[in-house]
Amino acid sequence: MYSEKVMDHFSNPRNVGEIDDANGVGQVGNAKCGDIMKMYLKIEDNIVVDAKFKTFGCGAAVATSSMATELVKGKTVEEAMKITNKAVAEALDGLPPAKMHCSNLAEEAIAAALEDYRRRNGLASDESVDCTGCCNSCGHSHGREEDFEDED
Amino acid sequence: MGNRIIYLDHAATTYVKPEVFEAMKPYFTEHFGNASSIYSLGRESKKAIEEAREKVAKALKSEAREIYFTGSGSEADNWAVKGVAAANRKKGNHIITSAIEHPAIMNACKYLEGEGFEVTYLPVDSDGAVSLEDLKKAIKDTTILISIMFANNEIGTIQPIQEIGAIAREKGIIFHTDAVQAVGNVDIDVNKLNIDLLSLSGHKFYGPKGVGALYVKKGVRITSFIHGGAQERGKRASTENLPGIIGLGKAIELATENMEAYNKKLLDLREKTIEGLMAKVPYIRLNGHRSSRLPGNVNISFQYIEGESLLLMLDMLGVCGSSGSACSSGSLDPSHVLMAIGLPHEIAHGSLRLTFGDVNTQEDVDFILEEIPKIVSRLRDMSPLYEAVKNKK
């Protein structure tokens, strides 16, 4: 059910761990739903120079976390903010429909870490990123199924 | 390891034993006659079906005329619940079942609720057992059926079936048990255990898929499940699944003959696995009753990790297991059984079920006891939940 790329990122996840001097840290999801992603970013001169993650979750959650850290590295803060769940899923050659919410979690983890960075630097907007990413915890449409075509 | 597969999911399904397959073969090609036909080719089929029925009856210590072949265990469950409900509606509309039934019972009961029946779902304790006191309290004047599973498919807990049956009998209530996981693993005497109806499925004890049976005690009122011809005493029409029925008969005969040795073997593998994992891995919990459980069932929750990840890593090593996590079930909620025994969501998400069978060996156990702790610690190193625990220390 998973693409080879998903399995590759699951079995050899890139950038697992923590960054001691991270200046942007975000955690989304909750244990009740079975997915938690914690993203650490190190940003210098407005560029993401390092990214690491820790994830509690299924194969897709681990793979999307891994891919998200790969995508975010080397980007400017503005570019990083534009990384979408769709981009993460596409970079993994797609995800099964039931797992699309995992890619959403990855987008939200990046956003939460960037928000933390902006807050620390007095750049934060009022818009807070407090969505847990849990599909049961609020009314948001996390799956954004309309963005994706079913692949069986 | 190469391509070695260690199959530890016998509660999901079993392979068909070669002896069973051999017994079935002629009934596909040579002895294919319709059992309802008058000529000898048909009569041979009829005879073979009745012999298979005798074998099932012998295994349950019932009479052959009390055994009805079905298309699956789920069909037998559906028939039992809906058929008894419909036939006894004038007497009452209340059904008692448990919170940990297989979906075949659970969803049949939900359907009946929509048809005007009232259903009580008895809770279970932390071991997964129903309380006889709760059962007695739930009985009303309108109760027509009690359906409690013999042994749970996920956590392996075996219910006090004889006592439940005695309560039902004393109150004149029909008692059905879904014994799909128990048949072939537990010695069953339907009369001694006070059972009125019992469901079983061939592919759980080395028989073929697509065939099951329902035991219906003589005198129990139940409506027909499929209306049509006179097959299965007019209760379940359809030209008989001849090879399937022959296979089921052979498989249950073998299972009954070998039960003692089979149980001993599975029990040994189960105990070594439980003891081994408990000793080697911290922050784990055995789900299900410690001793009153199926001989081949191990169900353990590993805190701070998620079950599907664990299954994927085991699969890379050729180990087939299953989990009650939401991600492996395709829904967002973990298994209703793990919820019913009171596990918090995050612990239910980290469950692993391993079910032993015929093909497993001591070497298999040694291998998983070597590999599972490594996988668990790898996943925990990746987990932000475990990070929080480590930092507290």
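Note: Cβ is positioned from N, Cα and C throughout, glycine not excepted.
Predicted automatically and left uncurated, TrEMBL annotations should be read as such.
Since this is a predicted model, take the numbers as computed values, not measurements.
Record features, source TrEMBL:
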DOMAIN    B:6-366  domain 'Aminotransferase class V'
BINDING   B:Gly73, B:Ser74, B:Asn153, B:Gln181, B:Ser201, B:Gly202, B:His203, B:Thr239  pyridoxal 5'-phosphate binding site
MOD_RES   B:Lys204  N6-(pyridoxal phosphate)lysine
ACT_SITE  B:Cys327  active site, cysteine persulfide intermediate
BINDING   B:Cys327  [2Fe-2S] cluster binding site
In chain order, residues whose C-beta lies under 8 angstroms from the C-beta of B:Thr239 (pyridoxal 5'-phosphate binding site), counting only those at least six residues away in the same chain, are B:Asn34, B:Ala35, B:Ser36, B:Gly229, B:Gln231
Out of the binding-site residues B:Ser74, B:Asn153, B:Gln181, B:Ser201, the residue with the smallest number of other Cβ atoms within 10 Å is B:Ser74
How many Å separate the Cα atoms of the residue listed as 'N6-(pyridoxal phosphate)lysine' and B:Asn153 (pyridoxal 5'-phosphate binding site)?
11
Rank the recorded positions B:His203, B:Lys204 by the number of other Cβ atoms within 10 Å of each Cβ, and give the residue at the low end.
B:His203
Three-class DSSP secondary structure - B:Gly202 (pyridoxal 5'-phosphate binding site)
helix
Roughly how wide, in whole Å, is the group B:Gly73, B:Ser74, B:Asn153, B:Gln181, B:Ser201, B:Gly202, B:His203, B:Thr239 that binds pyridoxal 5'-phosphate, by largest Cα to Cα distance?
30
With Cβ-Cβ distance below 8 Å and at least 6 positions apart along the chain, what are the contacts of B:Gly73 (pyridoxal 5'-phosphate binding site)? List them in sequence order.
B:His102, B:Ala104, B:Asp178, B:Val180, B:Ser199, B:Leu200, B:Ser201, B:Lys204, B:Gly212
What average pLDDT does the predicted model assign to the domain 'Aminotransferase class V' (B:6-366)?
96
Return one of helix, strand or coil for B:Thr239 (pyridoxal 5'-phosphate binding site), based on DSSP.
coil
Ordered by sequence, the long-range same-chain Cβ contacts of B:Gly202 (pyridoxal 5'-phosphate binding site) under 8 Å (at least 6 apart) are B:Pro208, B:Lys209, B:Gly210, B:Val211, B:Gly212, B:Gly244, B:Gly247, B:Leu248, B:Ala251, B:Ile252
